[in-house]
There are 2 protein chains.
Amino acid sequence: MNQTTASTWKQFDELQRKIKSYHEAVALMHWDLRTGAPKKGAQGRSETIGMLMTEAFRLQTSEEMGNFLTYLNSPAVLAELDEIKQRIITVTQEEYDRSVKIPPKKYQEYTELTALAETLWEDFKEEGDYAGFEPYLAQIIEKTNEFIDYWGSKATRYDTLLHMYEPDLTVEKLDEVFGQLRDRLVPLVEAIKEASQEPQASFMNQLFDKAQQEKFGLFMLEQMGYDFEAGRVDESVHPFEITLNQGDVRITTHYLQDDVTFALFSSLHEGGHALYEQNVSPELAGTPLGEGASMGIHESQSRLWENFIGRSLEFWTRYYGDLQQHFPEQLKNVTVDEFYKAVNRVENSLVRIQADELTYNLHIIIRYEIEKQLFNDGLSVSDLPKVWNEKYKAYLGLTPPNDSLGVLQDVHWSGGSFGYFPSYALGNMYAAQIVNTMRKQLPNLDDLIAEGNFAPIKEWLTEQIYKYGKSQKPAEIMKRVTGEELNPNYLADYLEQKYKAIYGLS
Amino acid sequence: MNQTTASTWKQFDELQRKIKSYHEAVALMHWDLRTGAPKKGAQGRSETIGMLMTEAFRLQTSEEMGNFLTYLNSPAVLAELDEIKQRIITVTQEEYDRSVKIPPKKYQEYTELTALAETLWEDFKEEGDYAGFEPYLAQIIEKTNEFIDYWGSKATRYDTLLHMYEPDLTVEKLDEVFGQLRDRLVPLVEAIKEASQEPQASFMNQLFDKAQQEKFGLFMLEQMGYDFEAGRVDESVHPFEITLNQGDVRITTHYLQDDVTFALFSSLHEGGHALYEQNVSPELAGTPLGEGASMGIHESQSRLWENFIGRSLEFWTRYYGDLQQHFPEQLKNVTVDEFYKAVNRVENSLVRIQADELTYNLHIIIRYEIEKQLFNDGLSVSDLPKVWNEKYKAYLGLTPPNDSLGVLQDVHWSGGSFGYFPSYALGNMYAAQIVNTMRKQLPNLDDLIAEGNFAPIKEWLTEQIYKYGKSQKPAEIMKRVTGEELNPNYLADYLEQKYKAIYGLS
């Protein structure tokens, strides 16, 4: 690097880190709002979040940033930079190009609105009050539509949103992949409905002491290698992972007294996200590459720990005894095989985050279709509960008794995260494909899980995925790790094999 | 207001609120660092705090702010403004004049250093590792001295620091007031030492379940009128109150298993601070006047609830039965009178925050003298533990067995709060003087306390003190409320009367 490039890079890096600082402050405020911040402070807090995000936004779209990029993103200068720095420039340029189109005032209004709505959503959900929530949601959608206008519509308006969470993902691709998946899963779900043998699960309907659940959940996080000195675990209405900085990667969970597995699987899930963030290469920490590659890849890591490991027979062979020790009364007459089958019982249900591994994908498809309608077909906000309920009836044969268990169940829309839901199903597909490769490279994978020896698994994931952070795109990662593009058949194969065994299907 | 003034004021107000937003973010980060933030994130966090404080500082000292003040703080314009706005200008001008003298780079270094040191202090204290802490403390003192150079020394260098926490307070005044107080309290402590009757307190040396302590502490906060919808209660090594915004006034406490009163009295203490902040007039919220008048006045409100109410016979007449219900085994053979006397036992001790109401003042005088020596007489940081221990021997007849119980016991110095400690003794004196007036205006004060009817007391304090926020100076408040200047005799009278009764002295 010549001297001008070196000194420009240094200033650019400082500006980046300053922007990161704002994001850390805002992340802490979001964490706080969802882990017990007092209600009466929410209005003031949302103004503060709005102000800080606006400042970060102002820096991101500043003339200074524009000038750095003009200089650094020229072919001659790029040629002087190493691959990591080149990728930092690419990512920053994309972010800059997107952000610079939004008027700062609009941006501030949006962040204040979503911060407030996320907080209020908790109450609206609890009370099942969609009418109360509707005006906030309507405003968020209106503002999101304005943003799409500023950014410019891709193939469809909804494509523009998808691309933000999963680079290069399109409605066309998603329709195709979801179509393939549905064509293989629907017959499976049907076959299961007709199956003669059904897992026994009545023992699940007991009370499980929260303190014991908490103890077991923390034990499992320890087992999987979550670094408690670089994070903390709290409770919130909806479990989440949030990264403040690389030494502070927090997760939350939510305990249900009458469901011993919900908090546990959500801990494994958020723990999977956290392992990814805690193990990004330290040289990327604090740069725009010091985070997960995309929402879909992130979700593949949470799903991998939650389902592919946590809902496997090997896992429970190792840990069921421990769980029994925490709940000796409730589980005394239940064998590990019965328990394994019970946590893999397929049952059409209303609540996404409580759904089984198989029908979960239908919950996502419902949301995907609704979001497409909202942005591409002008579905009105007041019709949302109706459409929601119709789709649940059509896809899962169920009608929510109230909006708490229906359209109000997820936090995402209150935070403006439209286009995010498909990541969950993408994550399942990525995870199946990645596990398929891992199984070849760690031939004793099942034994490792059955021994609770997760270190080699964490190590493999770190080497293959975690350490790269955002320095490669999702498609590049999949190609490098698995040798091929996203292929939904791995997930379908895995689910077929697993559930045929559990339900005794041929 | 003419149009130019109105529009300038609007812009000035927006800038103020923006600065407040930074302070809210930083306050949350400090709260978080002390209530469970992971260790590995502390370094990154302190850089973030440094960056945000530097931004706030940059705004506070900006040309824009300078221009607003030049315009608004001119006699002709001031005459157009109401009293509140005039006072906002005065306070902001003082802050501006002080801040503009510090180079932003120096300021950033200082905030990063103190944020880090505050976090590390917890470990150093736990390990009693003064050698580990010393280099941080030395740097903080060095930087504080640089700041004094920038600000310019008042009568003495230490005066400059005192003034920051208590406007117009001087070493001269403090020497005088502390002298008067000492002259009356020392004979009282002596007499108590010689007293033939001594409160029985061996029942205090039992284990008191933490969960029960927590329940009782929260109950008492409810009783005193702490608004839980505008705050939350957590645990930390050292209890504190922190205001994020007027709807979010948090307190922490610390439970000791072998001391049933520590957490309770610290809750009443921090609860007193919080009542003040929660009840500042809403029209002042978000302005520079939307907080307590000074550290000393603030402390008067915490002391008032902790000691004047919480350590009174009337208080325990009302609440001892409740406490017994929480600890039926431990307290079954203890009468209310015995308990009252036990919580007012005078005993020379090593730890300030566990000291009784009377000797507490000696702990403050020790710190005051040490801080004077540090800044006025060149006491070296490496000699601090020695001097600390000598003074404890001289004033309280005790030698700390280790630095955890000695020079490392308080968080203040790690945060750079030199000149703060005297506020605690000032608070005692203010409180005694305020209670003397309150007793005249609420003649049934003792009955109200004995009934647990705190609403009229909170109401009186709101009308007399809380609602004014920072719109009056400490001396103005004392004059308006009590009709006279600070007079240490009220505290001395109160303590004499109380302790003579308890110890059966004539």
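Placed from the backbone N, Cα and C atoms, the Cβ positions cover glycine too.
Cross-referencing A:E283, A:E299 against the Zn(2+) binding annotation in TrEMBL, which names A:H269, A:H273, picks out A:E299. Within the same chain, residues at least six positions away from A:H273 (Zn(2+) binding site) with a Cβ under 8 Å of its Cβ are A:E241, A:I251, A:G292, A:H298, A:Q301, A:S302. Cα separation, A:E299 (Zn(2+) binding site) to A:E270 (active site, proton donor/acceptor), rounded: 9 Å.
With all protein chains in the displayed structure included, the most crowded Cβ environment within 10 Å among the recorded positions A:H269, A:E270, A:E299 is that of A:E299. Within 8 A of the CB centroid of the Zn(2+) site residues A:H269, A:H273, A:E299, the other residues of that chain are A:E241, A:E270, A:G272, A:H298, A:Q301, A:S302, A:R303, A:W305, A:E306, A:G427.
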